[in-house]
Amino acid sequence: MKRTKQYLAALIAILIYYCVHEGAHLFYALWHGALKQIHMMPLGVQVDIYRDRLTDIQFAHFCMSGAIATIFAAWVLTIHSTVLVKWFGIKLGNYSPFLLTCSLYTTIALLLCDPLYLSVLQLFMGDYDMQGIQMMLPRYVVSIGFAMLGIMHLIIIVRLLWPRYKEAFEG
């Protein structure tokens, strides 16, 4: 049962990541009247736009919006992790271990997914976001910047989040 709850928490974290990331793309496309459709794909969702309705800079902003939103959400969760740990630990009784797990996994997903993808994985898998972002910044600058951000986020997870949540799980 414990393993099932961990998998469910991981699934919830991934769904929240997609909602934040693709939601930012959706909001930007709607804001600029460029939304074409939303593609439901086997491994996620993709917001499709009318590219000709956006300038190159707007397209770059559209492509950056998902990463900016996920990193912002990750930092909000990280900054408020002490409050989340206390609230889930005290207020919710039997539900707290599952909600703590969801909170931890969501924060980790938001901290790591875009830095990992935009620094390393996009080299092997291709990336629509990088195509737009590189209209403003060279690809190597973006890759190195996101690699450094990912390393910083790993340090935050290991030094700050993990001990905080570990204490909550043990307490």
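Here the Cβ of each residue, glycine as well, is placed from N, Cα and C on the backbone.
Not measured: the values here are computed from a predicted model.
What TrEMBL annotates here:
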type: TRANSMEM; residues: 7-31; note: transmembrane segment
type: TRANSMEM; residues: 59-85; note: transmembrane segment
type: TRANSMEM; residues: 97-120; note: transmembrane segment
type: TRANSMEM; residues: 140-162; note: transmembrane segment
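Most Cβ pairs under 8 Å to the transmembrane segment (97-120), among the stretches 7-31, 59-85, 140-162, belong to 140-162. Within its own chain, the transmembrane segment (59-85) is flanked in space by residues 17, 20-25, 27-29, 32, 34, 49, 51, 100, 103, 106-107, 110-111, 113-115, 118, 128-133, 135-136, 146, 149, 153, 156, 160-161, 164-165, 167-168, which lie at least six positions past its ends and keep a Cβ under 8 Å from the stretch.
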